[in-house]
Amino acid sequence: MKNNLPIIALDFASGEETLTFLDLFEKERLFVKTGMELFYQEGPAIIHQLKERNCDIFLDLKLHDIPTTVNKAMKRLAGLGVDLVNVHAAGGARMMRAALEGLEEGTPAGRKRPSLIAVTQPVSTSEQVAKEELLLHKPLLETVVHYGKMAEECGLDGVVCSVHETKAIYEAVRPSFLTVTPGIRTASDAADDQVRTATPSFAKENGSSAIVVGRSITKAENPVEAYEAIKLEWEGVRR
Ligand code: C5P
């Protein structure tokens, strides 16, 4: 990943809404995340518009399908010029390797391959949901650490995980492996539907490589102020 800025989750319903939001930040360089809602609405056009604004881009589509399909999809995504993409680790080792190969093959000559990370468990998944709905009888943390190790063995660059899992993951993987952590809230915010939230400084103290922040910024009364405060808190602990 090119920089260490907090990644803003652009969970908006349209490109117009997204660009109006980004206008608030004037010429500031941002690292943004486009998820399913926005990408399915606007398609690759939104990626081109974000690149025109000089944004670094995490395209968060969480691919999970048979290896061949994921391989071909990744070839297409590699051509968009985004910086970071992801798959579900639950798709298994063959699927993760196929994803990486697709990205490598699809990256135009002379460009850097987008980093590839694996989602361990959505941060909205609780221990109870894991056991009762997904029938994952191992403790959630054990599953997440196993997924992290598997992703590393498959050559991936990192994982998406909860800040509460980063320390345990780093006991099992190399230090340069990325841990990208959503579920971030400032101390005064509501948790919304996220179950295992934490503050930016907690994320930094626990070794997170990057934080993803959505509603704490996008729904704030003053999004720019909220972003700058989160950025300071995220950077502050490092100094
Ligand atoms: O608004 P909030 O800060 O909760 O947004 C979190 C963002 O991170 C959402 O866009 C969500 O899709 C994403 N995400 C997540 N858990 C994951 C992967 C991505 O919450 N494991």
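Along the chain as shown, the residues are counted starting at 1.
Cβ atoms are placed via backbone N, Cα and C, with glycine included.
Feature annotation from TrEMBL assigns active site, for OMPdecase activity to Asp60, Lys62, Asp65. According to TrEMBL, the feature active site, proton donor maps to Lys62. Residues or ranges marked as substrate binding site in TrEMBL: Asp11, Lys33, 60-69, Arg185, Gln194, 214-215. According to TrEMBL, the domain 'Orotidine 5'-phosphate decarboxylase' annotation covers 5-230.
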Residue, out of the recorded positions Lys62, His64, Arg185, whose Cβ gathers the largest set of other Cβ atoms within 10 Å: Arg185
Filtered binding-site residues, from Asp11, Arg185, Gly214, whose Cβ is under 6 Å from an atom of ligand 1: Asp11, Gly214
Protein Cβ atoms within 10 Å of Ile66 (substrate binding site), excluding its own: 12
Under 8 Å by Cβ from Asp60 (active site, for OMPdecase activity), same chain, sequence gap 6 or more: Ala9, Lys33, Thr34, Gly35, Met36, Val85, Asn86
Close in space, distant in sequence - Asp11 (substrate binding site), Cβ under 8 Å, 6 or more apart: Gly35, Glu37, Leu38, Gly214, Arg215, Thr218
Nonlocal residues around Thr68 (substrate binding site), in sequence order (Cβ under 8 Å, 6 or more apart): Ala98
Three-state secondary structure, Lys62 (active site, proton donor) (per DSSP): strand
